[in-house]
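Worksheet: the structure to be examined is printed underneath.
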């Protein structure tokens, strides 16, 4: 058995969803003449949105023994029993007499009538649990009275209406058409303009009360960004001058302040009391790859991860879902994640079916259109893109080293970060598995101002999403701009080392600007600025520069300005014992590591893997001899561990193509933006590679990993992160 199959077996057994019975040479099969089961039997089904109760049932029950002719992955009997108690689409319990009709399919799995009818309306004709093909499906149609004792059979041509009754119709036998291409299931026609986003009118009153409420100065100070500056040394002899003197500018966003709020009714059984963070609500568009390569386990885990995202969005957050393969469609419009919105979104995502090619550009175009056509806008907006393949429609990557693919074509011009338009919405990309195009996903994130995460193993997808939304749900600063101004007329700026952030130095060298954008709660940014230090004749100190930051509070929409003290250095007669700043040295190490990653990637792309590994090894040696490394600095330890991991992924061309390139680019994305990305085991609590994780990200990761455990005691600890309540407490 191949290693890839064993990986699927271990994952399936670890999730307690199925057992694997391999076919052996001595296997006795009484029905050898029967055709083999379809390939989908060897994959996990779409039952990824099972309730925690289902997981507990699976964990406590022994798997059923497969029949003599069985092989591949089989769902256990406990799953079937569990699915009779819980609707696998909306995750709510099913009890007879509770006011909800229950549909039991011919495969014996049961669902709420409303849930499964909506599932069928989106194009599914197979059981979401066991993937069995149904001959009879529930359908909603105009309520015409049928003859007594009979259910009316609805012709295929009837349009679906909202004044409805639920009936069952028999599907006609499939007619093979070998000339027809695989396309996404068709639902209702899309509007020409996506201006049907759900209104934010109920939230506006809450915003006004929040912004008008007066609070004491101490709490206001806690919600203000902090600025610190460090010089590479504290003194320079007055007769000496320097053309490249380094100053570190450290910015830190305020911490989130949790407050209690009333139950919002997501799930009365699982969330009796919630805790919220006073934060800005989010408009989130997820652009999901549902091409043929996503079939089976990948799609099931994607559905589960999307369910986690929905459960953790608050009632003022809005979500839209775009699905793409050969074409793209808006699966779910921009709706608030109220209890109703969440259930509808779950049903829509659970209807996804994988087939077709990979048209990333079309998916992003439709995602950008959802954002551009909005009638109303939440303070924070972001797009999440997930794909496991390579775009085969817009960008041609033939492997010819002379032809560099133009990945900018994958993004609409309005989404380019350097564009003059006000449409600045970051795209956070997630490359799934070993076959995705890491270069294109990294380019999309860099161009738009987002991050690139590498999901190496299928089971990590939910954790990767959790880390990302943990940040998005904690934005406290918006449109942050850093202004640097020289104080001394003889001092001028040299370079601004700021990673991927847009920046510029004014022509006279007297000032510079860094466009930072949004900051999450507790996030920090470190920028290195070089200036010239002139010789002094009589002064005992020299004033170099001052820093001023301007940003918008996304909750109150107020413009906030924060300034620093002047950066000064002493000018003694002679140089005494000079201790280099550990803070400055630490950030210089980060930049050295990022530069080594860029050089190593360039060497690896030309086929020089040994040269790439040598570049990383030399960087590790330089880091180990630095001042901060000798003090046991945690960032230096993490950088060394990351560079070592990258070296190991340069062992061969095959390893580099499968995971080395993606791991390297994800690390480069993280250090360029100083923001956490998922790569390798970085979402594991024991990993050393956890740079830039904030408390909000860590909390959301813990929630994700707790839900995967399925423990009843752990499940009670899970709480959704909400946007501000309708009756917020004064700040």
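Any Cβ shown, glycine's included, is placed from N, Cα and C.
In TrEMBL, annotation is done automatically, which means it is predicted and not curated.
Here TrEMBL gives region 'Disordered' for one range in the set 14-34, 35-55, 56-76: that range is 56-76. Range with TrEMBL annotation region 'Disordered', chosen from 114-169, 170-225, is 170-225. In the predicted structure, the domain 'RING-type' (87-131) carries a mean pLDDT of 74.
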